[in-house]
Every structure is written in structure tokens, then in C-alpha cells.
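Inspection log for the structure reproduced underneath, given as C-alpha cells.
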Amino acid sequence: MGKHHVTLCCVVFAVLCLASSLAQAQVLFQGFNWESWRKQGGWYNFLHEKVEEIASTGATHVWLPPPSHSVSPQGYMPGRLYDLDASKYGTEAELKSLIEAFHDKNVECLADIVINHRCADYKDSRGVYCVFEGGTPDGRLDWGPDMICSDDTQYSNGRGHRDTGAGFGAAPDIDHLNPRVQRELTDWLNWLRTDLGFDGWRLDFAKGYSAPLARIYVDNTNPTFVVGEIWSSLIYNGDGKPSTNQDADRQELVNWVEGVGKPATAFDFTTKGILQAAVQGELWRLHDGNGKAPGLMGWMPDQAVTFVDNHDTGSTQSLWPFPSDKVMQGYAYILTHPGIPCIFYDHVFDWNLQHEIATLAEIRSRNGIHAESTLDILKAEGDIYVAMIDGKVITKLGPRYDAGGIIPSDFHVVAHGNDYCVWEKEGLRVPAGRKHY
């Protein structure tokens with residue numbers, strides 16, 4: 001009896017360790033860009049044909065666009081939240097079929113959740129657009145001006161609470177301190193989970209309402225993955241270049257993820273800003289004063305979603321683009337380093353970088369690199385950056401060819417491209433998604 005008990009305990013422990021490792025070995029894929037809504041035949045149907053290719057990049061999660069009716073075609077000015085058939089990306093049935101296809105490939109799906117603000121269908125007696133329609137025959141999400149933040153004076157009747165975050169001028173800021181708002185948005189999110197099959201959330205403009213309020217929606221909907229958009233602004237010097245110390249910038253991200261609690265993560269805008277400056281001859285930027293990575297990744301890697309570009313920073317908006325000729329240096333960095341990397345649709349399918357990105361993702365997978373992998377920065381100078389990850393993978397960025405003899409003889413090149421190279425240690429590969437102990 002005792003022997004069987006010990007065996008069972010060992011099995012349970014092994015399963016728990018594997019589950020923990022798999023949870024950490026996450027790769028996010030953004031499955032759309034700013035122009036995806038224009039696709040003839042619908043984006044959901046088009047993306048359905050790409051599911052297998054997306055899964056082959058190593059993606060464990062795919063981020064899909066806002067699903068509801070919206071005044072803007074991209075989905076970021078939502079109105080009738082339950083009305084998914086009015087989306088420019090396709091119908092509710094097509095979305096559900098797409099989610100099922102991803103699930104068949106063991107890829108979980110995140111909905112882009114835009115709840116900071118909302119567009120009204122009708123005017124009130126003042127002639128102000130502040131009467132909302134939920135998109136159902138009943139009264140769910142049918143709100144009036146009472147549900148708008150009192151300091152959003154363009155739309156509010158003054159009865160709501162003050163905004164708990166940054167204002168959004170283009171549409172009414174919703175009062176998330178209102179119990180009815182909390183209850184009905186929670187019900188809508190749970191409907192997306194149970195009826196549509198979504199697994200988690202990407203929270204748009206998450207700095208528009210406080211972290212404790214975001215936590216309410218996370219705690220009450222049980223998502224497997226949550227990532228918030230806290231678009232922090234780097235601190236710049238007088239010469240227009242980023243300051244060496246970006247601790248205040250990444251502290252904003254830390255405050256949010258700690259305020260929301262797990263499983264919440266945040267897009268690591270600090271790392272993006274520093275990385276895209278570093279690859280332009282300033283690779284010394286890729287370590288902080290303590291020898292760690294300089295972004296959120298250096299402080300809380302398990303809650304840092306690293307990325308090169310997205311539909312805002314890149315695509316046709318190009319609000320803060322990564323240098324186009326150095327994009328693969330960006331992927332060599334995020335796909336071999338700690339944190340949770342996010343791959344952008346455009347780079348895989350529109351830039352013809354699928355093979356290079358998939359190769360790096362495979363290196364990450366077969367070496368068991370995960371969000372909390374150990375990072376040892378070996379060199380960070382203007383024209384060269386070299387780091388070892390988990391003692392198994394070495395990544396070099398920059399044009400300098402000679403790394404100065406710091407690459408051990410038992411490491412061999414497994415990927416290389418424009419100003420990047422990746423080595424792998426022989427004999428230490430582990431099954432995909434597992435840590436090496």
C-alpha cells in the first residue's frame with residue numbers, strides 16, 4: 001500500500017511539474033492587423049485557412065480582433081456588444097468556427113476586449129449620444145448617461161463616478177464603479193467564454209480604468225490568459241533618445257499587473273521601446289544597472305508579453321514602428337529570451353518572414369525556454385549583444401562578427417540572419433514546453 005502511495009505521489013508531482021512548465025512555455029500570435037476588416041469574404045473565414053500555419057509558428061495562444069458591432073470598422077469603438085454579426089470581420093457563426101479550428105490545434109483564443117469606452121446608438125433629451133443598445137431583445141447592456149463617468153462632461157449627466165483612469169476623448173468613458181456596469185459586462189464576458197469558446201482576454205486601453213476594476217472582470221470570468229495594453233511612454237533625453245534608466249516606465253507596468261493579479265500579464269512596451277533603439281547601434285541599452293534585461297522582462301518576466309510590433313505600432317498606422325530592416329533582430333531577441341513572446345501576423349505572412357520566425361520559435365520550444373528562463377547577459381556594447389539563456393542557447397545581435405571568444409566550443413549555430421545569430425548547446429535539448437533541470 002505504501003509503495004503504491006509513493007508511486008501515485010510521484011506521478012501526481014510529475015504531472016503538476018509538467019503542467020507548470022507548459023503554462024510557462026507560452027507564445028502569443030496576433031491574428032490580425034489594422035486593415036484585416038477589409039478582407040473580401042471576411043477575415044474570420046480567411047484566417048480559418050491559416051490556422052495550421054499559425055500553429056506551426058509555435059503559438060499556444062492567438063489574439064483575435066474585437067468581436068462586436070463597432071462604429072469604427074476595426075472594432076475599437078464598440079456599441080452593441082452582443083451583436084457579433086455586425087462585425088466587419090465576419091459573423092458570430094464564423095467566429096465560433098474559427099475558435100473551434102484553433103482549439104483543434106491546441107491553440108487558445110483571446111478576445112480583444114474594449115470596455116473602457118462605448119459608442120451609443122441614440123441621443124437623450126439633451127441631444128447627446130449617450131443611450132446605449134446592448135444588441136439583444138432584452139435590456140442587457142441597454143444603458144443611459146448614468147453609466148458614463150461624471151468627468152466625461154461631453155457625454156455625462158453628472159451622476160456617474162469620476163473616471164479611475166485615463167480619459168478617452170473619442171467616445172463616452174464607461175463608469176466601471178457602477179454595479180450594473182460590472183455585472184452586465186461580466187455576464188457578457190462569460191457569454192464570450194461559454195457560448196463562443198474564448199479562453200482569455202486582451203484588455204484594450206487598460207490604463208483607462210483602474211487595475212482593481214480590471215481585476216473584477218478577471219476574477220469573475222476565469223480566463224486562462226489575460227494581457228493588458230498599458231502603453232507606457234519611455235522617458236526621453238533632450239536629444240530625443242531614450243533615457244538610460246527606464247525604471248519609472250516599467251514600474252507603471254508592474255503596478256498594473258500587481259493590481260490585477262495573476263493570470264494578468266502586460267505588453268512590455270518598455271522592452272519594445274528600448275529594443276528598437278538598441279538595434280540602431282546602441283545595443284548597450286539591453287541591460288539595466290543591475291545587469292538584468294531593461295524592460296518589464298527584467299523584473300517580472302512571467303508577466304511580460306514581449307513584442308516587436310502590433311496593429312497600432314506597425315501595420316498601416318505605424319505609430320511607433322520597429323526599424324523595418326532590423327525586425328528579425330527583434331524576433332531573435334524575444335523568441336530566445338524570458339517573457340512571453342508575441343508574434344505579429346504581418347511579419348509572418350506579409351513580410352515573408354515565416355521560416356525565420358518559425359525556426360526561432362522551434363529553438364525556443366525544443367530547448368524548453370519559457371517565461372522565467374534564466375538570462376545571463378555576456379556582452380552588451382554598441383555593436384554587439386550576447387546572452388545565454390538557461391545555459392543552453394546563446395543569442396547574438398549586432399553587426400560585429402567576432403564575439404570575442406565567449407561562445408563555448410560545444411555550442412553550434414542553429415539560426416542566423418541579418419545581424420543576428422543563435423547557438424545551441426549539444427545534448428541538452430528537452431521535449432517542447434518542458435523545463436530542463
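Glycine too: its Cβ is placed from the backbone N, Cα and C atoms.
Asp204 (active site, nucleophile) carries neither a helix nor a strand DSSP state and counts as coil. Around Asp204 (active site, nucleophile), the same-chain residues six or more apart in sequence whose CB sits under 8 Å from its CB are Pro66, Tyr76, Asp112, Ile113, Val114, Ile115, Asn116, Glu229, listed in sequence order. The active site, nucleophile annotation in Swiss-Prot covers Asp204.
Under the DSSP three-state reduction, Glu229 (active site, proton donor) is assigned to coil, being neither helix nor strand. The active site, proton donor annotation in Swiss-Prot covers Glu229 and rests on similarity to another entry.
According to Swiss-Prot, the feature substrate binding site maps to 69-71, 76-77, 202-207, Trp231, Ser233, Gln251, Lys292, 298-300, His311, Gln317, Lys396, 401-403, 413-419, Trp423, an assignment based on similarity to another entry. Under DSSP, Met77 (substrate binding site) is assigned to coil, being neither helix nor strand in the three-state scheme.
Take the CB of Asn116 (Ca(2+) 1 binding site) and look out to 10 A: across all protein chains shown you find 26 other CB atoms. Annotation comment: Swiss-Prot describes Asn116, Asp163, Ala166, Asp173, Gly208 as Ca(2+) 1 binding site.
Look at Asp142 (Ca(2+) 2 binding site): DSSP puts it in coil. Long-range Cβ neighbours of Asp142 (Ca(2+) 2 binding site) (same chain, at least 6 residues apart, Cβ-Cβ under 8 Å): Phe132, Glu133, Gly134. What Swiss-Prot lists as Ca(2+) 2 binding site is Glu133, Thr136, Asp138, Asp142.
Taken from Swiss-Prot, the feature Ca(2+) 3 binding site applies to Asp152, Phe168, Ala171, Asp173, supported by similarity to another entry. In this structure, Asp173 (Ca(2+) 1 binding site) is part of a beta strand by DSSP.
Positions annotated as signal peptide by Swiss-Prot, on the basis of sequence analysis: 1-25.
Under the three-state DSSP scheme, Asp312 (site 'Transition state stabilizer') falls in the coil class. Counting only same-chain residues at least 6 apart in sequence, those with a Cβ under 8 Å from the Cβ of Asp312 (site 'Transition state stabilizer') are Trp34, Trp231, Leu319, Trp320. Annotation comment: Swiss-Prot describes Asp312 as site 'Transition state stabilizer', evidence class similarity to another entry.
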DSSP-derived class (H/G/I helix, E/B strand, else coil) of Asn116 (Ca(2+) 1 binding site): coil
Remaining residues near the recorded Ca(2+) 2 site, that is with C-beta within 8 Å of the centroid of the site residues Glu133, Thr136, Asp138, Asp142: Tyr82, Gly134, Gly135, Pro137, Gly139, Arg140, Leu141
Residues flanking the Ca(2+) 1 site, with Cβ no more than 8 Å from the Cβ centroid of Asn116, Asp163, Ala166, Asp173, Gly208 and excluding those residues themselves: His117, Cys149, Thr164, Gly165, Gly167, Phe168, Ile174, Phe205, Lys207, Tyr209
Other C-beta atoms that fall within 10 angstroms of the C-beta of Asp173 (Ca(2+) 1 binding site): 28
Fewest other C-beta atoms within 10 angstroms, as judged across His69, Lys396, which are the binding-site residues: His69
For the binding-site residues Met77, Ala166, the one whose C-beta sees the most other C-beta atoms within 10 angstroms: Met77
